[in-house]
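Down below is the structure, laid out as structure tokens.
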Amino acid sequence: MTDGKDLEAEIHPLKSENRKVPENAGALAGKEPRGTPAPQTRLSHCRTAAFFLSLFACLLVVFVVSFIIPCPDRPALQGVWRIDYNAAVAYDFLAAEDVNKDKIQDILFLYKNTNSSRGNSSFSCADEGFSCPCTFVAAVSGASGSVLWERPVAQDRAFVECGILQPRGSAAPSACVVLGRPGSLVAVDTLTGKTLWSQPSSFGGNASVLSPLLRVPDLDADGAPDLLVLIQEENQVNGSIYSGGTGQQVSPPDSLGVDGTSGSILHVTRAGAHYVLIPCGTALCSRSVKGLYEKVSRRDSPLKSDPLWEDMLSAASHRLVVHSSGAIRYLMNVPGKAGDDLLLVSTEAYMLLDGQDLTPRWTFGTTQVLRKPVLGYYKPDTPAVLVENGTGPDRQVLLLDLGSGAVLWSQALPGLPGDPPSASLPTADHRSAFFFWGIHEPTDSNQTEPGAAGRRLYMLHPTLPGVLLELDNVSVPIVAFQVVLLEPGRHAACILLTGPASPSPPGLVSVTKHKVQDLVLAGRVVHLAEGGAESDQAVRDRLSRLRYRSEA
């Protein structure tokens, strides 16, 4: 019988428990007064109340965030916009900066107008002491193309450097510094267009400014980087240092003892010393910023000097020993293994020099180089340089590995005189999309005049090396061209400044923005080799899904 009860208990455990409850009920009732809830019941009620209170609090927070607190307005980005200026001329300058702080890059440019203004500005040439026409700097919204501000800054052609940080406590975080003719140095608040400071320069009437304006370390301790201005007068290059915070001269003009040309750069050696490098024919001229400042100011400088470079520099000619084949056209600081190296571009070769001892790492021979090369990434996180070799029908576009000089990609692509420089934009896969101008016609094409329909913009991505995508066809003169990431990761755009360039007669000047993704979806696919595996639409779809990233 006992075994039978145990078996029944195993089969029906709940029934066994129910039978035991009445037996124990009396004992429990005797120990606890009637009407008093059990401790477990009170705890259960507390837990239930806490659950509903927390649920109510969560719902309240969701309600407040969703319906009461307004979401920040995100400006609607137009795929295409255009702004026109009649009877104007344009200058080769485009810059991108978030002017109105809407987290979208805006566009700054220069133009010279025969009228006092386009009608969007409350300032005329006469308001700033200039005769009509004069040079304006303008900022337009990258989202819509609406004019944010414009202001006259110079009588004639100007050199501009934007993104100059201002001293702490200044009303403006950054400024565009404009050097115009006649010589005047003006800083314009990039947020409002208001003049922060204006200083006359000490340039002679026959002096010519060698662009660009070079940023040097803060020598006057005002919290803003200073500017080195190089001018050429009577076959001599003179240098003056101006405060980036006030425009006042930090050091008066002094001869660098060289007769260089434009295209100078500021190079920092492995020892942290700053040297100005200037193309001087087939040679490379240089002066240390420390030596230039201390010579004219007769004060000590916090800057460093590099004994190795001082030994390499000729005391008489200020020339560095560089064996260049042909006249030097361009100098570029490029990323190296232990600091910046130097890419030297002459009329006959590209040469990568070690950034410290200037020994050649590699040389790539060319026939004729007219444009500055463009840096990018052909392989993931591996720097490459896009170069243009030759001109006209003999032009060739190449991508070289920056570390070795090896050819990664090449394509014959005839060009036209006055084609804009190439551009690149990093993509999310740690490569770059490359943009360049040219004319690609099939071998069976009946077109007798290359480029008769206009200049054509092509796009190349390294994941599709056998395909070019023709994005645009422009028939008007192009003064400046840039590919800009207006919004991180999502909105890349081509910016074109077209019209007559100074000193041509005035005409219609236009600034146009095209969204890259829209151009890709409507682009013409050019197969460089037979037997492409993907259809034209598949190529367009694949390239339209590219995500872009900002420069590191």
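In case you wondered, yes, glycine gets a Cβ from its N, Cα and C as well.
Per Swiss-Prot, the feature topological domain 'Cytoplasmic' maps to 1-48; the stated evidence is sequence analysis.
Per Swiss-Prot, the feature transmembrane segment maps to 49-69; the stated evidence is sequence analysis.
Among the features that Swiss-Prot reports, topological domain 'Extracellular' is placed at 70-552.
Feature annotation from Swiss-Prot assigns N-linked glycosylation site to Asn115 (among others).
The N-linked glycosylation site annotation in Swiss-Prot covers Asn238 (among others). For the recorded site, Asn238 (N-linked glycosylation site), the DSSP three-state label reads strand.
The N-linked glycosylation site annotation in Swiss-Prot covers Asn473 (among others).
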**Prompt:** Judged by the number of other CB atoms within 10 angstroms, which among Asn238, Asn473 is the least packed of the glycosylation sites?
**Reply:** Asn473
**Prompt:** How many whole Å apart are the CA atoms of Asn238 (N-linked glycosylation site) and Asn473 (N-linked glycosylation site)?
**Reply:** 43
**Message:** I want to verify one value. Collapsing DSSP to three states, which class is Asn473 (N-linked glycosylation site)?
**Reply:** strand
